[in-house]
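In what follows, a single structure is set out as structure tokens and then discussed.
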Amino acid sequence: GHEIEDPECRGVHSAGMPGPASKRRIPVSQPGMADPHQLFDDTSSAQSRGYGAPRAASGLGYPASSPSSQAAFLADPVSNMAMAYGSSLAAQGKELVDKNIDRFIPVTKLKYYFAVDTVYVGKKLGLLVFPYLHQDWEVQYQQDTPVAPRFDVNAPDLYIPAMAFITYILVAGLALGTQDRFSPDLLGLQASSALAWLALEVLAILLSLYLVTVNTDLTTIDLVAFLGYKYVGMIGGVLMGLLFGKTGYYLVLGWCCVSIFVFMIRTLRLKILAEAAAEGVPVRGARNQLRMYLTMAVAAAQPLLMYWLTFHLVR
């Protein structure tokens, strides 16, 4: 580049020192020029070459997208209208599904059936095994709404039936394993059979209530809860069968069968026959007799199913 005269050399020459005036050439880099001693451009720094940063429209490469174009797209009234229409369709579809599900199974009320605590579970299990000493079978209400199960031992719940069903499947697998008959297919058949019988019971009772024209506050979940209590006695019978053989099985299962029969009679008669009394139906009327027979049939079906679902597990 340019030649720059060294000040020291100029001062010595002016003092009369002999020798030629020496000038040192110092390369000065022009703005925008690379280092003359560098063979290749340094591309390791993204900022030094402009990588990673948005390029100007006049530079090399593709121009960066302007945020104003995205804002214009979002501000498009047609897009906003389409988004609003899609949201309304999704809300209507969700509401329609919720209504159809609640017609058969009130999903929104499931929290009530699982509102239990340890004290309630202990009292309820004792009531299922020893229902003979219990006197007050009325369900407590608070402003026309039944109180949560943890506050009333007579209220139906789904916690005990659900846990009892799972435990019954595990105990059935244990029983099959001790007899060298365990297989996943057989265990699945055991579970599906129990669920099928439960569904068949619920459908039969609902159909019977419809034919007899019973106006009752029994819901589908109430029936599932009451019918699911029989798994508690089934577990006890199978466990005693594993420990003490068929003698223990028949003794414990027989006791549990009688207990569940008494429990169902005293519980369902308040749900079915009490409605008839409130409607002014005579006690010895034909319709009331049908309701009584229906209550007896539901209660009598529980011991039969308890034996049918467990007798092959004990040998």
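Just so it is clear, glycine is given a Cβ too, placed from its N, Cα and C backbone atoms.
Per TrEMBL, compositional bias 'Basic and acidic residues' is recorded for 1-11.
The feature region 'Disordered' is assigned by TrEMBL to 1-62.
Positions annotated as transmembrane segment by TrEMBL: 158-177 (among others). With a threshold of 8 Å between CB atoms, the same-chain residues lying at least 6 positions outside the transmembrane segment (158-177) that come near it are 110, 113-114, 116, 121, 124-125, 149, 183, 186-187, 190-191, 194, 221, 224-225, 227-229, 231-232, 234-235, 238-239, 241-242, 313-314.
According to TrEMBL, the feature transmembrane segment maps to 189-211 (among others).
Positions annotated as transmembrane segment by TrEMBL: 223-243 (among others).
TrEMBL lists 249-269 (among others) with the feature transmembrane segment.
Residues or ranges marked as transmembrane segment by TrEMBL: 290-309 (among others).
Beyond the ends of the transmembrane segment (290-309), by six or more residues, the same chain brings 190, 193-194, 197, 201, 205, 208-209, 212, 214, 227, 230, 233-234, 237, 253, 256-258, 260-261, 264-265, 268-269, 272-273, 276 to within a C-beta distance below 8 angstroms of the stretch.
Same-chain residues lying 6 or more positions outside the transmembrane segment (189-211) and placing a CB less than 8 Å from one of its CB atoms are 165, 168-169, 172-173, 176, 218, 220, 223-224, 227-228, 231, 272, 294, 297-298, 301, 305, 308-309. Sequence-distant contacts of the transmembrane segment (249-269), counting only residues of its own chain at least 6 positions beyond either end whose CB sits under 8 Å from a CB of the stretch, comprise 127-132, 134, 137, 154, 226, 229-230, 232-234, 236-241, 292, 295-296, 298-300, 302-303, 306-307, 310, 314.
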